[in-house]
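What TrEMBL lists as compositional bias 'Polar residues' is 1-20, 841-854. Annotation source TrEMBL lists region 'Disordered' at 1-32, 819-854. The feature domain 'Doublecortin' is assigned by TrEMBL to 43-125, 159-238. For 269-385, 397-514, 861-975, 987-1104, 1121-1237, 1249-1369, the entry in TrEMBL reads domain 'PLAT'. What TrEMBL lists as compositional bias 'Basic and acidic residues' is 819-836.
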Amino acid sequence: MSETPSTSFSMIHPTSSEGQVPSPKGRVPSPRHMSIIHPVVAKRIRFYKSGDPQFGGVRVVVNPRSFKSFDALLDSLSRKVPLPFGVRNITTPRGRHSITSLEQLEDGESYLCSHSRKVQPVDLDKARQRPRPWHSSRAISAHVHHSPAAALGLQHTPRRLAVFRNGYPKTQCVILLSRRITQSFEAFLQHLTEVMQCRITKLYSTHGRKVPSLQAMMLSSGAVVAAGREPFKPGNYDIQKYLLPGRLPGISHRVYAKGYTRSESRKSGNWKVSIITSDLPNAGTSSQVYIVLCGQHRSSAPIYLYGTDGARFQNGHEDVFNITVGDTGTLFKIRIGHTNSGISPSWHCKQIHLWNMNSGKKFYIPVQRWLARDEEDGQICRELPVLNKGQLTLPVTVYEVHVATGELWNAGTEANVYISVYGKKGDTGSRQLFRSKNSISFLRGQTDTFSLEAVHLGDLYRIVIGHDGLGPGNGWFLDDIVIRDPTNNHEYAFFCHRWLDQGEDDGKIVRELYATDNSIISARQKLERSRKETWAAESWKFKKGNTLQFYSRLTGGFVRLHPDGTVDAVGEKTDKYGLFDVIFNKGNICIFQSHEIRHLSLSLDNSFVTGMASGGATTELRVLYQSNRCALLESSLVPGHTVSFDFHGKIAAELSTCYKDLSKELVIFVKGVFLNSAILILATSLCQALCLQPNGSCTGVGSQSEKSYWKVHKISAGICMFESVKNAQMYLRIKDGQCDGTGTGDIDCHFKIKKNFENASVSLESIKSPGLFVGLQSDGQAKAVIYTKNGNVFFYPQVIKFGRENPMGMSATPSQVEEKIRESKKQKELPPENEARGSLLPSTTKEIRPSQSSKTLLSEDEWKVLVLTGDTGTQANVTLWVYGDEGVTGPISLSKDSPEQLFLPRQEDEFQVEIRDIGEIYKIRIGHDGTSKQPEWNLQRVTMQHMKSKKTLDFAANAWLSRIQADGDVVCELPVIKGGQAIFPLVRYHIDVHTGQLKQADAESEVYLCLYGERGDSGLRLLYKSNLPVKFQRGQTDTFQVEAVSLGKLKKVLLRCEASDKSQYWYCEKVIIREPGTTSESIFTCERWLPFMSQGVIHSEIELYLQEMQINHQQEEANEGDWKVTIVTGDLENAGTSATVSLYVYGEARCSGPIILGSGKHQLFNPNSADIFKINLKGIGEIYKIRIGHDNSGNDPRWYLEEIRLENIDTCELFSLTVDSWIAENENNGDRWKEMPIVRSNKASLPVVVYKIYIHTGRKPGAETESNVFINLIGSRGDSGNRSLHQSKNNKVKFRRGQVDIFSIEAVSLGKLKKILIGHDGTGPGNGWFLESIIVKYEEEAGEQEVLFPCNRWLDEYQDDGKIKRELLTESSHSSIGETGSMAL
């Protein structure tokens, strides 16, 4: 699957040739040398990234064996910490002290990494936090952002450029791009001025987007519109006519693994597509329409149908398109759909005509269907079979898709779910599961049924299911999917039972599931899996030494073993004969001894339950757990014989009762769970537990780990408190109707333990608020609720450490508890001051209505807020923020019981709010959310009066808060007025947002920005009104204005991009902020896609920190010999590589050695991407060639390299090397390396020479080899590097006995050949090789050359001298030194 175009940054160092050989394991040093052996001290250190609190840090173990020098540590960190130019500096967390040696590092400490001497400190507590997606307030996206696949027939960026005259589509010329005319963007514009004989100052794409730079032009679609000072003029700028083959704007949104996508066949088909839109009212669409052609060989990618001559797909219109696709084979169906975008996306398609321009075949496809969310079945994609001789090739089938969401807490999702169904006769493509038969889809424990219409797929075998990660609760636990085919009434089951969540399991949000044929076997497997999970959760109960009680679900009593050996199930909870000790445990086989009668144990003998002497075989019982947390006790000797009781509690015959299931089901209770000081887990499901979060709230979706441990404080019989083990002095509590973990140990934290006999769970009832229980919402958040039996108040305790019987050291006695309960009842009658206002955290506020304020005493925290509306009122939701010199309060919702009576024209509204601990107020921010029928608002004034001191603050506004008035902002900031003057001025910040040049960098989604300075922040503002008509287009700079009370010196910027679809992701290059009246500007570099992935979680927000650069743009910091290398991967399908890429740079003094640039596994070298690296080439002299290649590793190592650019950072010398070639073993000549000469204007470049290599394998027995052979040619101008002899030009099987194999490699001219390095890797069954000789033929300026390198020796570990690599000299060299052999390496 193609990746999103991106720009990556890495710091690269040449790899060292040094290596270490570890000592053999288990070797014991000699005693006489023990005195001189020093222990190796390992330091465990965590390194964080300067200025990036979202980087979670990397853990490194430092010892003399792992890192011999400080530079080696820097090299290692450069590959782990994503910094633009690698790790060049390490400092202490605050950046005060620089670390320059390994000895200065301290064990267990944390340090910051940076690429320059300037370090931006990081809040390590924030960086260490790993919030799960559903705990984050940020919008989470789907998954790692995948770029759309290239259109069918799409070629790499052409070296020819069609240039149209602005407004004159027929006036055009084709420019051959050369280095001479592309030295700079200004030089290219000057060249166009000369060619077109008119002044050219600007370039546009054929769709009207500005092309601002040479890079943007090189990455364009192959055509540009040249203009003077006039604006862009639309026209039919048809590039198909001038640049062949045609480029189609098809985009694939399928979810496939990269290796699955098949490359386009060289054979292509030209089609004419005619689509007629119905003449029904509102039948036309504003959305983007696409079509997929499905043939017997393959399906095309989605091809988007649009043009430049006006709107398409309007009522009653026929639209005709010419498209080019690969060889799909015989067409049997099409898929037509749209993206549901624009103001009127609904579409009614009447019919479609297809003409195969190659074969002349015509196809007529009647449609007459709506593709609309609000019409028919709500689908926006339809599959239509092709008519063959008037008959349907395959029927259209409406499949029933039953999707079962798991029972785990927070298992449901609000994200958009997509499915692709595969059968033997094709697939459905990616379809959104849109309209469930339930009112709300994908709720916890719910099964949703959807209809999926498609051309019949035959037997189903696979589905791909996933979601886009959008929405506040985007994680999803999918149990299974069942698809019913109505044509044969066959059901296909696809089991999952896993998370599709970036914060759970393996982090995947897309899964591939395969069908299970036999439904009976499937149900049995599902049941068995459920039993295993239940046993894993309940097995702790059967540890040796535990005391148990068995409760019968049928009788409602406890199992008792009497002194006479009889057994029944009608005992009371306190019956002494109903206790059993676990005295033997092996797996799920146990012996249960009577706690009261030590010589008797439960026994099952010939289906009869009795008491027998412990240790007998009949006393060994197997515990079989069911999915409802009930257990069966089965004889270990006779499987199938179980303990069962009749309705009266007597021993029942195995098959004699109609209460068969209930008669066997026992609920297991453990005694002593809630003893004082016990450590336990309050499990909420088989794998989740109640957990205290850092913000003090509680959730039921925590993992069953130490984070979820609670310590029991027993107050009295059945009354306990629960203290978090991880966060001491924080107790579970219910206060003022809220449930959290911020209790201090008072009566709010006292709970009565209520046992639920049906499933061995407990419920926690508040002592202070009887009737309120600790419960869970569907998302798992803890909440005070009334008791119900729907499971949200059930907790399953698991004891980690048992406590003691007596509550020693506890100050509370039963009488004291009763006294506190009586006090709490009195408090309810007359609530104290703080309870009347409500329990509020310092960072939160709530409105106090006038009816309440009269009953409360005035405090230091109460303010009256008066809001005066001007001539235009609003019904939107109004919010207030208040800023002080010690903090901020907000958002405060200004609302009342009758919102329709608020903010009416020329009306003053009064509110009472609490504002705590923010110090001296200096500004407020007020705004609305833009909702309701009347969102525009004319705000005149805001007045705040302190209720106790009567201090008054006036804020004059006289502002429009409207998207269509003034500057389009619905938020305004107002400073405090003192002495008729604002204490801080209002500043209108000018913000330039630079969208990147990468393909599809532009975005249609909403972008928000928040400025942070010395005096607070501006709040999150929507960048709504740009200086350009269309915002955030590729290569474009948009200017916005944000008015705020002066923030002082700016420190950082927060960007937020809300993308509802992966096609709306946005690539931001940088943000530049200017303050009027100053000459400086603040630059915040981004160079990332939004949303982006960090530590396995996709974030829609990013914090950008200030670069210390002024308007004169100083040169970036560089060391001597630093070069910037840009690697441009082509935009062909599957152009990216999974292999590790290396670079060699050759200078007159020496070669750089292998410089490892990175791997596709690290999100580098993706299709249509530019990856930037910084390397150091100090001391190699003047560069004359480079060699680049890869190691052929990974699932898809093929790589289409388009261009390499090298720029000397110090001198700005730039070399652009065009490659435009596959580097792959199955392309061209199979070479995985490419050499390019450096072209200089003042010196002729070296030619690229094709070296033909003739390998003569000897005739001795066993001379052949199956190993991988490599060769390195060495001449007077360097070497070719190790090249794999992969494809013989004259033989299918290489290196056979007595055979001559011919290979060819391309390399920059090596001058006169001196020697050859030849060898193999020793793999394969026949790895020895007898090499007779090698002849190399090539053509240089002096004419055709032929050089003989004799060998006549074995390259074999078990022959000759055991060498498998040899250095061969030319025949003349052998004669001069008088040798006939060769030198072994």
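Here the Cβ of each residue, glycine as well, is placed from N, Cα and C on the backbone.
Caution: TrEMBL annotation is automatic and unverified by curators.
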Proximity of the domain 'PLAT' (987-1104) to the domain 'PLAT' (1249-1369), 3+ C-beta pairs under 8 angstroms: no
Average model confidence [pLDDT] within the domain 'PLAT' (861-975): 87
The domain 'Doublecortin' (43-125) touching the domain 'Doublecortin' (159-238) per 3+ Cβ pairs under 8 Å rule: no
For the domain 'PLAT' (1121-1237): best-contacting stretch of 43-125, 269-385, 397-514, 861-975, by Cβ pairs under 8 Å: 43-125
Residues in the domain 'PLAT' (861-975) grouped by DSSP into helix, strand and remaining coil: 3 helix, 62 strand, 50 coil
DSSP-assigned states of the domain 'PLAT' (987-1104) in counts, ordered helix, strand, coil: 3 helix, 68 strand, 47 coil
Secondary structure composition of the domain 'PLAT' (1121-1237) [DSSP: H/G/I, E/B, coil]: 3 helix, 63 strand, 51 coil
Secondary structure content of the domain 'Doublecortin' (43-125), with strand meaning DSSP E or B: 14 helix, 22 strand, 47 coil
Tally of residues which DSSP labels helix, strand or coil - the domain 'Doublecortin' (159-238): 17 helix, 25 strand, 38 coil
